[in-house]
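Asker: Sharing a structure below in structure tokens format, with a few things to ask.
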Amino acid sequence: MNGDHMVLGSSVTDKKAIILVTILLLLRLVAIAGNGFITAALGVEWVLRRMLLPCDKLLVSLGASHFCLQSVVMGKTIYVFLYPMAFPYNPVLQFLAFQWDFLNAATLWFSTWLSVFYCVKIATFTHPVFFWLKHKLSGWLPWMVFSYVGLSSFTTILFFIGNHRMYQNYLKNHLQPWNVTGNSIRSYCEKFYLFPLKMITWTMPTAVFFICMILLITSLGRHMKKALLTTSGFREPSVQAHIKALLALLSFAMLFISYFLSLVFSAAGIFPPLDFKFWVWESVIYLCAAVHPIILLFSNCRLRAVLKSRRSSRCGTP
């Protein structure tokens, strides 16, 4: 998911790496198709009915940001695979990085706001603050979106400034892409400017996300225990509903965790871009990204209704 791994220094010719890159592209296509369906299904309903539940608005926004992000990363992967010796901060990669930085921040913040919304609306804590937030949160949705746009734009500009300065320094000193001096200058800027900025940008929404997810999973876990004590077993509808909700939340949390770790590992250089372990890690990340939209399709009632209507129309039933 990370765009920073596109800094390559030699041709990717290893057969295993080529196979994994092919798998990555296929997984990205699955993720693009899944997020595209979610965006189209909820987006059409939003346009036609002029109204949509706040959680579904956040969901369609998250699906759209995921769709665009996957498309940008896929284009970047193809470009770097075709031009492995390209300078990491050339104009083409700067343009792609600009889009990636904005969409990446958007994905993190939309995921965070969705977790906040689920936590406040679903969790059954008796603290007065939760009751107050339940009544106020829906009205704050526009401000939540505006805040994401402002924060994402601000951090994207800061990233662009750093990337552009490194490219200007490269042109000024007539450095080769893999010159030792050029690498040291780029490494210094990445270590003391880009990396701290990335960690601040990514950690803020991640911290909020984890707090909300822990509260929400704790609340649902308590409810499921109570339901098990008052029912005959796991086949009861109330227990099944809690299990489905927990599975959806856990998949959401696992995707977010894998996403955040991929960002940190790539920024820290733990997995070198040409190392086989890097491509294995990327395959695992994109497997999560491909599976998550499928889980959403079957856990969201509106999306399930769209799927049923599509099936019935294909079968010729009303």
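Just so you know, glycine gets a Cβ as well, placed from its N, Cα and C.
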Asker: I'd like to know whether Gly34 shares a side of the membrane with Ile294 - going by the topological domains in Swiss-Prot.
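Answerer: For Gly34 and Ile294, the topology recorded in Swiss-Prot gives the same membrane side.
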Asker: Which one of these stretches, 41-61, 89-109, 129-149, has the most C-beta pairs shorter than 8 Å to the transmembrane segment (184-204)?
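Answerer: When the Cβ pairs under 8 Å are tallied, 89-109 comes out ahead.
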Asker: Mean pLDDT for the topological domain 'Cytoplasmic' (286-318), as a whole number?
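Answerer: Averaged over the topological domain 'Cytoplasmic' (286-318), per-residue pLDDT gives 66.
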